[in-house]
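To start, the structure itself, in structure tokens.
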Amino acid sequence: MMKGKGFSFPSLFSFLKENKCKYDRRKIIHSIKVGFSLVLVSLLYLLDPLFKQVGENAMWAIMTVVVVFEFFAGATLSKGINRGIGTVIGGGLGCLAAILADEIGGIGNAIVVGSSVFIFGAAATYARLVPKIKRRYDYGALIFILTFNLVVVSGVRAEKVMDLAWERLSTIGMGFGVCIFISLLIFPMWASDELHYSTASKFDKLAYSIEGCLEEYFKMTSEKENKTSANVEPCKSVLHSKSNDESLANFAKWEPWHGKFGLAYPWEKYIEIGEILREMAATIIALKGCAQSPKQPSPMQRQEMYKPCEILGLSLVWVLRELGESIEKMNKCRAKILITPKLQFIKLQLNLMQPSSKIQVENDNNLATSSFIFLLMEFVEKVEILAKKVEELGEFANFETKKLDV
């Protein structure tokens, strides 16, 4: 029942297995890139001409590579730029505070240093708690606090605080430069690609799960006991993807123009689509609960519902896969022309399947049927909202217009 075209459990399994192998290869490539970057910055220690120029400050370049180099290019850029901005601002303000303290001298020196450490430290810590700043600039604020305190306190004892700050900044810049060069130019791992394709794959996961739930619901009791239940693990993975999606969207905003992803690409639309997909995943899990509930419709009611639900299931699977393909291939989704009419027809069929209001709802059979149809109605309404969001994404991101088969 309800086997979508070209879609089956083996195909989904092979798809997930292929993606896992691909991810494992990328982890190996990332590890090699980090190792190569460490070798390059270690040359500041190993080669005498370079060591004479930077001295012991070479350790800051190595520390920068260890701390800044991340799996995705956007994450590396985010951390690197945050580290650079935090170091420059923290170092600059720290130097000014140290010079001012030195000019005052005496007991005023300690007062200026203590006051500046308290004021700037408290202000930066408060800024880290602001959600918008925390999302994108948390690491920069942390580095600002660290650098400011190191410079202003060392400035009490060191006469060449400006030279020290410049030397450390230059070696940090060397480390950051190596990270950016390796991360962006040698087998780059784009967070934007990851978010784009992972979002598209969620549509297939939901299609597979809703298909399995409908199949399980219309099995006879004896068949349910003998066969395995519908697999909703793909739904659970979608349900738990919120933090990962938000991180990828944040990293994607830092990445330079590459491929079809421009500088002002609407990544926030992916977050909105992800929220709806998670709501739909929760509905599918609730549908599975209906299929496993001891309260089930009578065989006669089940038989009456079977054919309409078969058509409904095929239509929903087609719509979900069509939306996912639209995102994956970056084609404009013609929701109003192709998808909305189908969804309106599905809602009409579900309304016709509702038990008559004359029949008492206390009847277990009718209660079970009403619960099942209500959840399907909720799911269809969410699909309708989802189609509009995908259409909006296509407009904002300038997706190509899909050529219709003649």
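Cβ atoms are placed via backbone N, Cα and C, with glycine included.
Where the annotation comes from TrEMBL, it is an automatic prediction and has not been curated.
Taken from TrEMBL, the feature transmembrane segment covers 28-47, 59-77, 84-101, 107-127, 139-158, 170-191.
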Name the range, of those listed as 84-101, 139-158, 170-191, that has the largest tally of Cβ pairs under 8 Å with the transmembrane segment (28-47).
170-191
The transmembrane segment (59-77) vs the transmembrane segment (170-191): three or more C-beta pairs under 8 Å (separation of 6 or more)?
yes
Does the structure show the transmembrane segment (107-127) and the transmembrane segment (170-191) touching, where I'm treating 3 or more Cβ pairs under 8 angstroms (sequence separation 6 or more) as a contact?
no
Is the transmembrane segment (170-191) packed against any residues at least 6 beyond its ends, judged by a Cβ distance under 8 Å, and which are they?
26, 29-30, 33, 36-37, 40-41, 44, 54, 57-65, 68-77, 80, 83-84, 87, 247-248, 251-252, 255-256, 258-259, 261
Within-chain partners of the transmembrane segment (84-101) [C-beta distance under 8 Å, separation at least 6 from its ends]:
108-110, 112-113, 116, 120, 137, 139-152, 154-156, 161-162, 165, 168-169, 172-173, 176
